[in-house]
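Below is one structure; the comments refer to it alone.
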Amino acid sequence: MTQRRAMLILHGKQALNEDVRDAVADKRKQGWELDVRLTWEAGDAQRLVSEALAAGHRHIVAGGGDGTLRDIAEALALAETSASLTILPLGTANDFARAAGVPLEVSKALQLMDVAPRAVDLGEVGGKLFLNMATGGFGSQVTANTSEDLKKVLGGAAYLFTGLTRFSELHSAHGELTGPDFHWRGDLLALGIGNGRQAGGGHELCPTALADDGLLDISILPAPQEVVGTLRSLLEGGLGIDNMFIRARLPWVELKSTQGLDINLDGEPLSGEDLRFEARPGALHVHLPADSPLLGGAPKLNRPD
């Protein structure tokens with residue numbers, strides 16, 4: 001019988017979470033040898049993954065938000081290990097988990113430890129890996145709230161422009177995207193490059209993305225002058241602009257902008273004038289629901305731990 005052994009790497013803020021304590025106790029009663037380690041500062045997740053693998057663990061549970069999940073997923077992929085990952089979503093947005101159908105209730109999420117893992121892709125850019133999505137919004141100043149008027153107009157892209165209170169504050173950047181049989185150049189307001197489907201707390205920028213197809217979904221919100229100039233009339237007419245996105249599905253895409261680009265990788269900032277995004281097919285083994293919307297039919301791996 002395969003030894004049921006795992007390590008839960010838990011964000012330090014969740015140390016006193018009674019639901020987590022109860023769920024861990026339940027898994028131990030079910031026969032799991034489940035160790036728990038806490039993160040305290042930047043770099044801890046990566047260090048704890050290394051320690052877990054060195055100790056012989058082949059199953060890691062990521063307990064935290066999208067940032068914690070990204071850190072642990074990246075560390076596992078860079079270790080080139082066959083160890084698998086269970087997602088325990090404890091953050092505010094939990095964008096990848098929600099899109100993947102992972103339960104938000106702690107005990108139900110940990111039930112996925114007992115299902116077979118699936119091979120899923122990662123995205124890579126600038127030497128960094130991401131599980132969910134790379135996003136970019138231009139001319140935005142991030143604060144706590146987004147104008148309700150802008151939300152009505154921008155729909156799923158609204159969170160990229162957090163802090164804008166007037167239409168005159170919308171600014172675009174000139175960008176060029178190139179990939180296999182794909183080329184687009186122009187002014188853009190927003191960009192999503194997704195392995196997952198949503199970002200910013202439930203905004204579906206890449207609504208049909210699959211995490212196991214070896215491809216990245218590209219969503220561009222163009223900003224020709226006539227579009228920027230008519231946002232107010234779009235609002236008055238009750239129209240959103242989600243349907244104005246240009247979309248593609250590519251194994252890689254190069255993004256260039258002489259103005260520089262501010263990119264968010266599941267909470268990790270990245271900037272540059274010339275960036276290449278690539279899919280890393282099957283780079284991670286994740287325990288997901290059999291009916292996860294992010295799975296397109298790739299075969300199950302032959303074990304749960």
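Note that Cβ sites are derived from N, Cα and C of the backbone, with glycine treated the same way.
Pulled from Swiss-Prot, these are the features on record:
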- Glu268: active site, proton acceptor (ACT_SITE)
- Thr39, Gly65, Asp66, Gly67, Thr68, Leu69, Arg70, Asp71, Thr92: ATP binding site (BINDING)
- Leu210, Asp213, Leu215: Mg(2+) binding site (BINDING)
- 1-129: domain 'DAGKc' (DOMAIN)
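Residue environment of Glu268 (active site, proton acceptor) contains 16 other Cβ atoms, counted within 10 Å of its Cβ in all protein chains. Checked against Thr92 (ATP binding site), the recorded positions Leu210, Asp213, Glu268 differ in C-alpha distance, with Glu268 being the nearest. Within the set of recorded positions Leu210, Asp213, Leu215, Glu268, the entry lying nearest in space to Thr39 (ATP binding site) is Glu268 (CA atoms). Residue counts for the domain 'DAGKc' (1-129) under DSSP, split into helix (H, G, I), strand (E, B) and coil, are 54 helix, 36 strand, 39 coil. Compute the center of the Cβ atoms of Leu210, Asp213, Leu215, which mark the site for Mg(2+); besides them, the chain residues with Cβ within 8 Å of that center are Asp121, Ala209, Ala211, Asp212, Gly214, Leu216, Asp217, Arg249, Ala279, Gly296.
Cα to Cα, Arg70 (ATP binding site) and Glu268 (active site, proton acceptor) are separated by 9 Å. The binding-site residues shown are Asp66, Leu210, Asp213; of these, the one with its CA atom nearest the CA of the residue listed as 'active site, proton acceptor' is Asp66. Contacts of Leu210 (Mg(2+) binding site) defined by a Cβ separation under 8 A and a same-chain sequence distance of 6+ are given as Leu294, Leu295, Gly296, in order along the sequence. Within the same chain, residues at least six positions away from Thr68 (ATP binding site) with a Cβ under 8 Å of its Cβ are Ile9, His11, Thr39, Ala45, Ala62, Gly91. Each of the binding-site residues Thr39, Thr92 was ranked by the number of other C-beta atoms within 10 Å, and first place falls to Thr39. For the domain 'DAGKc' (1-129), the model gives a mean pLDDT of 95.
Between the alpha carbons (Cα) of Leu215 (Mg(2+) binding site) and Asp66 (ATP binding site) lies a span of roughly 21 Å.
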